[in-house]
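As written in Swiss-Prot, here are the features:
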type	residues	note
ZN_FING	16-50	zinc finger
BINDING	CYS22, CYS26, CYS38, CYS41	Zn(2+) 1 binding site
ZN_FING	105-151	zinc finger
BINDING	CYS111, CYS114, CYS132, HIS135	Zn(2+) 2 binding site
BINDING	CYS125, CYS127, HIS141, CYS143	Zn(2+) 3 binding site
Amino acid sequence: MAQREKKVEEPTELRAPEMTLCANSCGFPGNPATNNLCQNCFLAASASSSSSSAAASPSTTSLPVFPVVEKPRQAVQSSAAAAVALVVERPTAGPVESSSKASRSSSVNRCHSCRRRVGLTGFRCRCGELYCGAHRYSDRHDCSFDYKSAARDAIARENPVVRAAKIVRF
C-alpha cells in the first residue's frame with residue numbers, strides 16, 4: 001500500500017497536432033513541412049517551379065492547374081447507334097412472351113439434379129450449374145468440368161519452365 005502512494009501517476013494523454021488547411025484553400029489538410037500545402041498542391045507547385053526558371057515564393061503561389069482529360073465521344077456514339085440498330089431489328093410480337101417466361105424461370109433457383117428449390121443457399125459449380133447442399137460436390141452430380149486438366153493448366157501457368165542457356169565447354 002505504501003508503494004502505491006509513492007508512485008506518482010503521469011498523464012498519458014496524447015495530443016493530436018492541430019489540423020491546418022491547405023494554403024491554396026483546396027479543402028485538404030496542409031503539411032507544415034510543405035509550407036502548409038496539401039500533397040496535390042505541393043506536387044503541382046514543385047512541378048511548375050521546376051519547369052519554369054524563376055522560382056516563386058510560397059506566399060505568391062497560385063492555384064494549381066490540373067489537366068482536363070476528355071473521353072473519346074466517338075466510341076460512345078457508335079455503341080449507342082449499334083444498340084439502336086439492334087433494337088430496331090428485333091420483331092416485337094413473338095419473342096416478348098418467351099423472354100418473360102425465361103426471366104421468370106431464371107428467377108427461381110432450383111437444383112440441377114433434383115430440381116429442389118434452393119433459393120439463396122444454392123451452390124454454383126464450376127460446370128456452371130446450380131446445386132443444393134446434397135448435390136454440390138462434383139462426385140454427387142454428373143459434373144462435366146475437368147478438374148485434373150484445370151489444375152494441370154493452373155500449375156503450368158504459375159510455374160513456368162525456366163531453361164538455362166547451354167554451357168559451352170572448351
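The backbone N, Cα and C atoms fix where each Cβ goes, glycine too.
Sequence-distant neighbours of CYS127 (Zn(2+) 3 binding site): residues of the same chain at least 6 apart with a C-beta under 8 Å from its C-beta are SER138, CYS143, SER144, PHE145. Within the same chain, residues at least 6 positions away in sequence whose Cβ sits under 8 Å from that of HIS135 (Zn(2+) 2 binding site) are CYS111, HIS112, SER113, CYS114, HIS141. Secondary structure of the zinc finger (105-151) per DSSP (helix as H, G, I; strand as E, B; remaining residues coil): 11 helix, 6 strand, 30 coil. For the zinc finger (16-50), the number of residues in each DSSP class (helix H, G, I; strand E, B; coil) is 15 helix, 4 strand, 16 coil.
Between the C-alpha atoms of CYS22 (Zn(2+) 1 binding site) and CYS132 (Zn(2+) 2 binding site), the distance comes to 58 Å.
CYS132 (Zn(2+) 2 binding site) sits 10 Å from CYS125 (Zn(2+) 3 binding site), taking the Cα positions as reference. Neighbour counts of Cβ atoms within 10 Å were taken for the binding-site residues CYS22, CYS26, CYS111, CYS132; the minimum is at CYS26.
Counting every protein chain shown, the Cβ of CYS38 (Zn(2+) 1 binding site) has 20 other Cβ atoms within 10 Å.
Around the Cβ of CYS41 (Zn(2+) 1 binding site), 22 further Cβ atoms fall within 10 Å across all displayed protein chains. For the binding-site residues listed here (CYS114, CYS125, CYS143), the lowest count of other CB atoms within 10 A around the CB belongs to CYS114.
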